[in-house]
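Read through the structure below, which is laid out as structure tokens, and then see the notes.
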Amino acid sequence: MGDPMRFRTSAPQDTLEKMSDEDEVPVVKKARIFYGSLEEKEKQRLSREGISTSAKDAVKAGIEAGHINISSGESMEMEERVSERQAEVLAEFERRKRARQITVSTDDVEVKACLRALGEPITLFGEGPAERRERLRNILSVVGPDALKKSKKEDEKAKRTQDEYQQTWYHEGPSSLKEARIWLAKYSLPRAVERLDAARAQKEIPESTRTVKQQELHKTLRNVNNFCSQIGDDRPISHCQFSPNSKLLVTASWSGLCKLWKVPDCTLIRTLRGHNTNVGAISFHPQATLTLEESDVNMASCAADGSVKLWSLDSDEPVADIEGHSMRVARVAWHPSGRFLGTTCYDNSWRLWDLEAQEEILHQEGHSKGVHDLHFHPDGSLAGTGGLDAFARVWDLRTGRCIMFLEGHHNEIYSINFSPNGFHVATGSGDNTCKVWDLRHRRCMYTIPAHENLVSSVKFQPNDGHFLLTGAYDNTAKVWTHPGWSPLKTLAGHEGKVMGLDLSPDGQLIATCSYDRTFKLWMAE
């Protein structure tokens, strides 16, 4: 019998075995591929085989016909082409290799934070912590672990930029401001000492005696009634204030006129003409009618067109104009020394003017909306501002810093007033409440649900602060005890909203002015 037949099977060349993570990368074989002339090779073959001349002629004819390309003998190295599928497998192998080398936190919270930083969903439907961790590892193997570091660096840079933006910054002020601050410190410190000495002396009085005096005051206030009512203008009256000697009352109107009245008989003395639009406020100099001459600057007023004017008592025309405001000026207030004048403006700032140097020494920003009211501390060391942003601020005039931020009102603050005791400040707001703040504890100590409409004005008793007055757009003014904050008397009688009020320095009269174009005087019977 002959030899048995042998069969040999071979796998198809296109079949590619699956590669595991542990397989080695296949070695790529290189072959030498010729481009150009095969003339020498063909000659050698023909000489070996002894091909006839006719065959040579046939080859020559093929070359001439262009069927055989014979030129110079150039050659080059070329890698063997790898199939597309094999390239994908190699890339996947490399990715898995990188993934095994990446360290991923086992804390699920940190894994979620990393996914969020990379802009990926922090969780997928049905995904557990282990799957989420593996997904993060796979993402990092594609984008690279440096992507997470770059993302963290960008977040830190953005946070640092935001912190720098929120930092308080200072710029160098003029020398006149520095001199004014030193002057204010020398002025206010002795007054603070006097106030504290008076408080200690008051504390030495027996409590029973103080209680009796308080009860007598409350009894007097309960008997306060309307003493005089006077039509003050043909437009609403926006502001009123008593003179320091309690013998004069000045009113400001939306007609642009300010009028000087004699009290308590309410006879008109003089009409001050100078403003062309709504006058927001007019205020007496602290020494007007006391030590100042009538020809000196005794009053200051402001209007909605940004004008601020200074007045004397012997003329119906302004003595001087203060220029610099481009928007509505809501209030003017004199510093207790009489040297400085403060103005609040709807450009979100308030300003301090040195009338001796005749220049603006401070343009203070800090509110996010218009500043409506301003009041100075009795010592002259602090200034309180209330704004339409529902916040009030207390500023130290000696350093320029905001030392207290009064946050708690829900609507605009229309009035702010310091108590003569030096550590209480009251604010009236569009949320119908009056809040009393304690500067010592830096917090709101009491909220008075004062009125049924916005509170337009608040005022402590000017001498010892034993009671508080509030006026509101519910057509009434109210008297409150201090401390205790219980209502003593409601001053009702106006037919329109109460826009302003004041107490005479001698403690005898209360004045209210209203949208009904009248002002009224109130006195205890």
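A Cβ is built for glycine as well, from the same backbone N, Cα and C atoms used for every other residue.
The domain 'Pre-mRNA processing factor 4 (PRP4)-like' annotation in TrEMBL covers 106-158.
Annotation source TrEMBL lists region 'Disordered' at 1-23.
The repeat 'WD' feature in TrEMBL is assigned to 272-321 (among others).
Per TrEMBL, the feature repeat 'WD' maps to 322-363 (among others). For the repeat 'WD' (322-363), the list of distant contacts is 173-174, 176-177, 180, 183, 187, 191, 280-287, 297, 300-310, 369-376, 378-380, 383, 385, 387-388, 397, 400: same-chain residues at least six beyond its ends, Cβ to Cβ under 8 Å.
Long-range contacts of the repeat 'WD' (364-405) within the same chain, counting only residues at least 6 positions beyond its ends with a Cβ under 8 Å from a Cβ of the stretch, are 173, 181, 184-185, 187-189, 191-192, 195, 327-328, 330-337, 342-352, 411-418, 420, 422, 425, 427, 429, 431, 437, 439, 442. Among the features that TrEMBL reports, repeat 'WD' is placed at 364-405 (among others).
Averaged over the repeat 'WD' (406-447), the predicted model has a pLDDT of 94. The repeat 'WD' annotation in TrEMBL covers 406-447 (among others).
According to TrEMBL, the repeat 'WD' annotation covers 448-480 (among others).
Sorting the repeat 'WD' (491-525) by DSSP state (H, G, I as helix; E, B as strand; all else coil) yields 0 helix, 21 strand, 14 coil. Residues annotated as repeat 'WD' in TrEMBL: 491-525 (among others).
Within the chain carrying the repeat 'WD' (448-480), a Cβ under 8 angstroms from the stretch's Cβ atoms is held by residues 214, 217, 221, 224, 411-412, 414-421, 424, 426-436, 486-492, 494-503, 505, 507, 510, 512, 514, all 6 or more beyond its ends.
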